[in-house]
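Novice: This is the structure, below, for whatever I ask next.
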Amino acid sequence: MDVHYDADPALIHDKQVAVIGYGSQGHAHALNLHDSGVDVAVGLRPGSSSRPKAEQQGLTVMDIGEAAAWGDVVMLLIPDQHQKDVYEAKIAEHMTPGTALGFGHGFNIHYDRIEPPEAVDVFMVAPKSPGHLVRRTYTDGSGVPCLAAVDQDPSGGAMALAISYADAIGGTHAGVIETTFKDETETDLFGEQAVLCGGSQALIQAGFETLVDAGYPEELAYFECLHELKLIVDLYYEGGLEYMNHSVSDTAEYGGYTRGPRVIDDAVREQMQEILEEVQSGEFADEWIEEYEQGAPQLQEERAALTEHPIEQVGQTLRGMMPWLNGDETSADEDAPDAADTAPASSS
């Protein structure tokens, strides 16, 4: 894969950039672009709670349609499930030859929910971190790795523009990796479902329930199966699998090697393959959009059930004993009817 550490800053500086949305990724992109000297405006719906925040931070704020008409580059950074409706109602009519449409995640392009005119460049810049870290590393003089992809390139310069955009938000300090909309979308969704959100949550709950059902205190089960997971994930994050195993006790390392494969066995791998196939075929995308269009009843049901799970009850009590957990820096995308953040941020 090609990795870029340099860009032509003039490409994005010669454009007017409309960032649609001011949530986790939107605020970071807009502020970083602004501080890099790019002519940027934020497009928000009327009544958005993000309007005063963006204005207080020195940004120009417009209605979404106004911003789309003003921008040479329109960067769509609202949740996946809202993008199609917003694009068709407010943005599509302004996508004229010579303009460019950007995304922070490939969902709506890859699954053909948004189909821009052929004369419009379509690109993606996807930082591989939450928005608050995109912003913090930029202000520290560095950046986070970004993925860049192109779906349409009538100008012949869409990838160069994407890399220039990534440079303006700090991405070239860490590296901008060329990919495709297909690969970014499918790996992102699979990772969320099988490992990061779905798989890890199911594993945590199963471990907690196994200990509690065997008669162990809920508090100990919480510490061993949820709280201490951060210690291990931080080691993965810092140095990979080998570094984690080098950092734990020999007892823990041996137990992990010999028992871990019994948890993630061939049956689990078969389920992972099935999940991947559902992502690749578009089955999951269709299922999720249908769920959303029906008012998300299953999502609401799952949220309510999780709130009542014993691991949440005991966790709330134990976290109250940990005052250092109060400084949460994360922010969800707010410029939408709900606050879901599906622009990994993948999430994700």
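Cβ from N, Cα, C; glycine included.
From Swiss-Prot, here are the annotated features:
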- HIS105: active site (ACT_SITE)
- TYR22, GLY23, SER24, GLN25, ARG45, SER48, SER50, ASP80, GLN81, HIS82, GLN83, GLY131: NADP(+) binding site (BINDING)
- ASP188, GLU192: Mg(2+) 1 binding site (BINDING)
- ASP188, GLU224, GLU228: Mg(2+) 2 binding site (BINDING)
- SER249: substrate binding site (BINDING)
- 339-348: compositional bias 'Low complexity' (COMPBIAS)
- 1-179: domain 'KARI N-terminal Rossmann' (DOMAIN)
- 180-325: domain 'KARI C-terminal knotted' (DOMAIN)
- 323-348: region 'Disordered' (REGION)
Novice: So, in DSSP terms, is ARG45 (NADP(+) binding site) helix, strand, or coil?
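Specialist: Note: ARG45 (NADP(+) binding site) is coil by DSSP, not helix or strand.
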Novice: How many angstrom lie between the most widely spaced Cα atoms of the NADP(+) binders TYR22, GLY23, SER24, GLN25, ARG45, SER48, SER50, ASP80, GLN81, HIS82, GLN83, GLY131?
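Specialist: Pairwise Cα check on TYR22, GLY23, SER24, GLN25, ARG45, SER48, SER50, ASP80, GLN81, HIS82, GLN83, GLY131 gives a maximum of 20 Å.
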Novice: Can you tell me how many other Cβ atoms are located within 10 Å of the Cβ belonging to SER24 (NADP(+) binding site)?
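Specialist: Taking all protein chains shown, SER24 (NADP(+) binding site) has 28 Cβ neighbours within 10 Å.
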Novice: Per-residue pLDDT averaged over the domain 'KARI C-terminal knotted' (180-325) comes to what?
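Specialist: Here the mean pLDDT over the domain 'KARI C-terminal knotted' (180-325) amounts to 97.
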Novice: Determine the most Cβ-crowded residue among the binding-site residues SER50, GLN81, GLN83, SER249, using a 10 Å radius around each Cβ and all protein chains in the structure.
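Specialist: Its Cβ has the most other Cβ atoms within 10 Å: GLN83.
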Novice: Give me the Cα-Cα distance between HIS105 (active site) and ASP188 (Mg(2+) 1 binding site), rounded to a whole Å.
Specialist: 9
Novice: Just to verify a number: CA distance, SER50 (NADP(+) binding site) to ASP188 (Mg(2+) 1 binding site), in angstrom, no decimals.
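Specialist: A Cα-Cα distance of 27 Å.
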Novice: Give me the CA-CA distance between ASP188 (Mg(2+) 1 binding site) and GLN81 (NADP(+) binding site), in Å, as a whole number.
Specialist: 16
Novice: If we count other C-beta atoms within 10 Å, could you say which of the binding-site residues GLU192, GLU228 has the fewest?
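Specialist: Each of the binding-site residues GLU192, GLU228 was scored by Cβ atoms within 10 Å; lowest is GLU228.
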Novice: Looking at the binding-site residues SER24, GLN83, GLU192, GLU224, which has the shortest Cα distance to SER249 (substrate binding site)?
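Specialist: In terms of Cα distance, SER249 (substrate binding site) lies closest to GLU224.
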Novice: Among the recorded positions ARG45, HIS105, whose Cβ has the fewest other Cβ atoms within 10 Å?
Specialist: ARG45
Novice: Kindly assign the residue listed as 'active site' to one of the three DSSP-derived states: helix, strand or coil.
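Specialist: Coil, per DSSP.
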